[in-house]
Every structure is written in C-alpha cells, then in structure tokens.
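Here is the structure we will look at.
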Amino acid sequence: MATAKYIFVTGGVTSSLGKGIISASLGKLLQARGFKVTIQKFDPYINIDPGTLNPYEHGECYVTDDGAETDLDLGHYERFLNTPTSQANNVTTGRIYNNVITKERKGEYLGKTVQVVPHITDEIKRNIFQLGESGEYDFVITEIGGCVGDIESLPFIEAVRQVKWDVGVNNFLVIHLTLIPYLSAAKELKTKPTQHSVKQLLEAGIQPDILVCRSERHLPPEIRKKLALFCNVHINSVIEALDADTIYDVPILMRKEKLAERVLAKLKIPNKNEPNLDQWKVFLGKLKNPTDEVSIGLVGKYVELPDAYKSIVEAFTHAGAVNECKVNIEWISSETITNENSASVLGKYDGVLVAPGFGERGVEGKIEAVKFLRESKIPFFGICLGMQCAVIEFARNVLKLKDASSTELNEKAKHPVIDLMEEQKKVTNKGGTMRLGAYPCDLKKGSKTNSIYGKTKISERHRHRYEFNNKYLEQMEKAGLMATGINPDTGLVEVVELKDHPWFIGTQYHPELKSTVLNPHPLFVKFVEAAQNHKKENNSKR
Ligand code: GLN
C-alpha cells in the first residue's frame, strides 16, 4: 500500500475497558494477514512521560529500546505484535505542549498567537503522520487515552477529526470502545451509556465507524440493531467484546466477531489472505492445558497493584506456556520479610523473584529474602534492584563486609557495593535521566546465563541509576558470586550468578520487557523450568 491507513481507537462510558488490548488485538489480526502495523498511544496527562510517576498512579513504566519511558500499553503492543516500539509510539499532552512551547521560544511562530487549534492540534497530527509517513507501515493504530468527553482529551479528539480531512475517508477509521452494562434487577443489557458517549463523539465532529462493546453477556440481535440505529453504524460494525479468561484470547474473540474484516471493508482494502494465527493458537493451547504447576513468590514493594509488575507477570505467562506449566504468582510485600520469618514466608515456593524498585522502603526485606534463597538453594531470580540486593547480601553475609550497601539506601555506606556511576553524580533532574533503554552485554562463555541464552552477545533494556561497584568485583568472584554479563563498552556488570546453587541469577537489566508471545524470554523460561525441577526434588524427598 502506498500510504498508511490511520485507525483511531477512542473510549467511552468508563475507563479501564481495555483499549490497549483491543488495539493490540486488531494490530495482531491485521499483522496475521500480512500487513505491517504499528500502534501508538496518546496520553492526556501533563507529565512529559510516565517516568516520574509512582507505579500506584499509573502501573508499570515500560521502557523501549531507544530508552523512552512509556505507558504500559506499549508492553502489550510489543507482546502481541512481536515488534519493537519507540518514543514515537507514546506521546503525552505534556510532550506536545513542551514541543510547541520550545518552538515558540525559538521564534518559530514569530508574530503569531500560539493556540490549541491549530498549533497544538498540528503538533499532535505531526506525531501521528510521522509514523504513517515513515513508509514502514500499512496501518497506524492510534489509541487515545482517557474517555471521550474528558476536558484533557479534547485536543486529541479535535486532531482526529482533522485527520479525516487530511488523509481522506478511505484512509481513516474510528473505532469506539464502550461498555454495555447488564442490570441484573431489570435483567437487561443497557445501550443508553453507549448512545450518550457516541453523541459526545458526534458533538466533537467524529462519527465512529465501528463500535466495540465490552459486555459481560452476549449481545443479542435486538441490542445490536438498537446500537446500530441509535449510533448510526452498520449492524455488522457492532462488535461484541466479552470478558476473556486471558488477554491473549482477545485476538481470537475479535476474529470471531470479524473486527479486522470490518476494518478492511471500510477502508476498501481487498481482503485477500486469511489470517495466520497458527503460532498464536499453539501458545494458547499450551497456556490453557498445563501439565504441571509451580508456585512463584514475587517479592516487591507495590504488591497491592499487580499492574506495577505487568511485564514480569506477562513474561511468566509466556514462559509458563513454553513449559506447559501453570505459574501461580503470589505477591509478598518485602516490608514484611525479616531474618526470623524468611524461611516460613518463602520456604514454600518453588522459586522466588525479587522485583525491581526504587527508594529505601522494603529493601532490607528483599536482602533478607535473598539470604534465605541463597542458603536454602531455592531458585532465585533478581531483577534490577533485586540483583543489587543479591550483591549487597553477598557482601554482608559472605564477604562479611558488615555495612555493605547501595548508596541509594545509605549515602555514607563504608562499603558501597552498589554505587552511582560518575556521570549520574552530576545529574539533578529526575525525568529521563537514568540509564535507559537497550545496552549490549557480553555473556561469559560457559556461564549458566550463556547456556540459557545460547549465545554470548545480547542486548537488553535498562532503567536504573545505580550500578555494581567494580572495586568489589575480584573479592566477590573469589567467594563465588560471578559477574557473567559485562557491558563491553563500559565494563559495567550486567549479570551476576552464584556458583554452587541450582539457579541464582541477578540481572541489572529488565529481561521482562522483551518477552513476547512468539519470543518468550529465555531467562523466564529457564527459571520456570528450574522451579519445576525444585518442586520435583522436594516432592521426592518427602
Ligand atoms: N533503584 C535502583 C537504581 O536506580 C534499581 C532500579 C530498578 O530496579 N529499576 O539503580
């Protein structure tokens, strides 16, 4: 196709309807027919990016190869499409205004009054067309965060209205995601909230082409007819989206409802190929028919909010499917773990992952957890702060460096085994200033990590300020904590593993960010396998 087609996904009635999953599922279905697709998300908040947001506010911050700190929906896009995203795939109101105001200060609008329409809307459109005009994609799917009618999303909605005139009706399509609630007292599905939210879109000058209706129950023909009539869409464009057992079912459910066919018909694209979802279905088959089960403890700080560790949970889903093993994740608040209770809290798990995190809170509990896992030989996987805790624990309890710590926790630690890099010491701004994005790493030949990856040269994504302090490297290695992954350019330690332990690996990087349905991450795959082995051994001892 010569130019990209632009599909917009808006939401109405309530938030949390799963626009990200619907967008990713549509993307998957188009990709399965041989089209090239990218998905972009606009977020209506003023932060330049979610990097400075507390996970309680916005869930996990997802990091791309180019080091963008982005919304967790980009994680879904990558996991579904198996193609990388970048900064261009996530734009906030804050970034749009920042760009416009920076241009204004440079004098680029000299003499003009800078206004929401056209300057802010032009900047929004520039960000949409930048992807479409790259020549890399047949479809650009743009998800508009928030709900129609929110003050904050108005400029985005206005930009969408304008795009139709810029690219023409055959290259433009709007999908509106809404909720059809079921009133149990009346025993009825209700269409009124959807009618109202479509009316709101119409007021903004946008007629949705397709309605995707989230519902707990099937939409009978009368309800579909009513929605079509009142919302001014074809009855075939009323798509039912039932609650699914897993997000990975949604592409299949959308296939049944012919979402991609409707999109292709509306955009007048010949519907040649049937989608090839073979690999996806193999994955689903394994996911849903496990032959084994393990219990994994996840030691973290934000355990009340599983979205804070979204990519880790999804990486376990992918890895579980490979092993045909159900992974039951139990959340453990690191603040509750002490030297006295670590065995009783953690001893029952087949493997424990110590999660990433920032700040002091709960770190001592994480260190206690690592001590118990190291001594009891339960599989341990430490990610970022989790890896740093493993280094601190080893220094304190094996090297007997009593007040070993990270300077993030204790600036005056006598043994700063985890410390700020020189470049980081000068940094005062908080936003976008960490070590972010993809960095190369060389794995030591013959190490466990090397055998897990099956290669020595890897690239993984980072998001942290503190690093392993190489002054302690020799001492650590002599005592058995081996640095088996090194950044070839800087010499920074990226992976540690413990000798004489069935599975004890810590990574300074975030492997979970690169696990997808079609490419499950090898570290997660092998960690689940190690947990299965641990369980077997434990059972045979009983
Ligand atoms: N707080 C640690 C650092 O900044 C670890 C960060 C993380 O776990 N993502 O280095």
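Each residue, glycine too, has its Cβ placed from N, Cα and C.
Binding site for ATP per TrEMBL: S16, L17, G18, K19, G20, I21, A244, plus D73 from the candidate set D71, D73, D166, D307. With Y56, G357, L385, G386, M387, Q388, E408 listed by TrEMBL as binding L-glutamine, the candidate from R126, R461, R463, R465 annotated for that site turns out to be R465. Most other Cβ atoms within 10 A: among the recorded positions A244, C384, that distinction falls to C384. Checking the recorded positions D73, G357, C384, H510 against ligand 1 with a 6 Å cutoff on the Cβ atom leaves G357, C384, in sequence order. When pLDDT values are averaged over the domain 'CTP synthase N-terminal' (5-269), the model yields 95. For the pair K192 (UTP binding site) and G18 (ATP binding site), the C-alpha distance works out to 20 angstrom.
Taking every pair among S15, K190, T191, K192, P193, T194, Q195, K226, the residues recorded as binding UTP, the greatest CA to CA distance is 23 Å. I151 (CTP binding site) sits 14 Å from S15 (UTP binding site), taking the C-alpha atoms as the reference points. Under the three-state DSSP scheme, E143 (Mg(2+) binding site) falls in the strand class. If you take the CA of C384 (active site, nucleophile) and look 10 A around it, the recorded positions you hit from T191, K226, G357, H510, E512 are G357, H510.
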